[in-house]
Amino acid sequence: MAKEKFDRSKSHANIGTIGHVDHGKTTLTAAISTVLHKKSGKGTAMAYDQIDGAPEERERGITISTAHVEYETETRHYAHVDCPGHADYVKNMITGAAQMDGAILVVSAADGPMPQTREHILLSRNVGVPYIVVFLNKCDMVDDEELLELVEMEVRDLLSDYDFPGDDVPVIKGSALKALEGDADYEAKIFELMDAVDEYIPTPERDTEKPFMMPVEDVFSITGRGTVATGRVERGQVKVGDEVEIIGLQEENGKTTVTGVEMFRKLLDYAEAGDNIGALLRGVSREDIQRGQVLAKPGTITPHSRFKAEVYVLSKEEGGRHTPFFANYRPQFYFRTTDVTGIVHLPEGTEMVMPGDNTEMEVELISTIAIEEGTRFSIREGGRTVGSGVVSSIIK
């Protein structure tokens, strides 16, 4: 069978299902793929077992089970992630293994919000999932309209507690199982849900459209031409003649102009997100720039040394620590291309953090580095990874 060509005319978004265990995340994922496939013949109809038996993957040394499902609506192509276990969600969201432009929060109408409902909303807030659409599931099991309204209010309040616009979030009431079984009324609810996702979750800005940034991996001098910084462009575009800043690991940001862009020894007019390049920098000496800094469009990212983060600590089985750590723990924080020592401050009431836990923490780095909300990092001890995290807010 010939491979289907990827249709680029539709915009693309990454989404996922979140919510408490057994509230119907996987059933909903199966229902969406099945109902949409039935209508358009595109994508693949996935059964519950195919999604639930997701293979384990290794992402930054962490074992995560994730199911990847794709489907399309009339206007968009979606990549959808669903995780079998709660721990998989935590790891997935913190490591960014599955980037989400928006999430469908599944809440059982029969049970209402539960502890993991709250935890997944908090995680979404901390790791920067920008939009949430709610699916109240199992509505076929609740015949009291007032009860449904009560659960909806509870979910909206919970979202507002974590700075999501609880009053404006779309809430769709349905039954994933009934839709999967082919009940037309409940299939209609799946279309209603996907219309809400299409409309409420904006198309993400592509990496190439964002302001330029490239982590510096290596630096060398070319006699008679100047200093070259190499690395993979993380976002945006850069062309000859652009002014860039050199940020991190030093008191002052350096400013310079890109006088040449090379890829595979060929000169380019410009480079964009995903390209591995060498950038020739005007008037910069070999000592002015080092691995671990970033080149960026002036004024778009700033160096910081203190931030709050959401962190997952590797379990012993994943090659992590065998013992807990306490406040004032001083590991290395690996950002993009370099390690920086930092001091950990734990939240009030948290005495210690065990391997396999996830926690919020405050980190104080010994030197500044270019970071912003949503920047990912690893925590390392002597070169081995013991944790993974994401910056949730900047302090200074």
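The chain as shown is numbered from 1 upward.
Backbone N, Cα and C define each Cβ position, glycine as well.
Swiss-Prot lists region 'G2' at one of the ranges 61-65, 91-95, 156-160, 226-230, namely 61-65. Looking at the stretches 82-85, 110-113, 330-333, the one that Swiss-Prot records under the feature region 'G3' is 82-85.
Swiss-Prot assigns the feature region 'G1' to one of the listed ranges (19-26, 299-306, 355-362), namely 19-26. Secondary structure of the region 'G4' (137-140), assigned with DSSP and counted as helix (H, G, I), strand (E, B) and coil, comes to 2 helix, 1 strand, 1 coil. Rounded to a whole number, the distance between the Cα atoms of T26 (Mg(2+) binding site) and C139 (GTP binding site) is 16 Å. Nearest Cα neighbour of T26 (Mg(2+) binding site) among the listed binding-site residues (G19, C83, H86): C83. Residue counts for the region 'G3' (82-85) under DSSP, helix first, then strand, then coil, are 0 helix, 1 strand, 3 coil. Within its own chain, C83 (GTP binding site) has G16, A54, I64, S65, T66, A67, Y89, N92 as residues 6 or more apart in sequence whose C-beta sits under 8 angstroms from its own.
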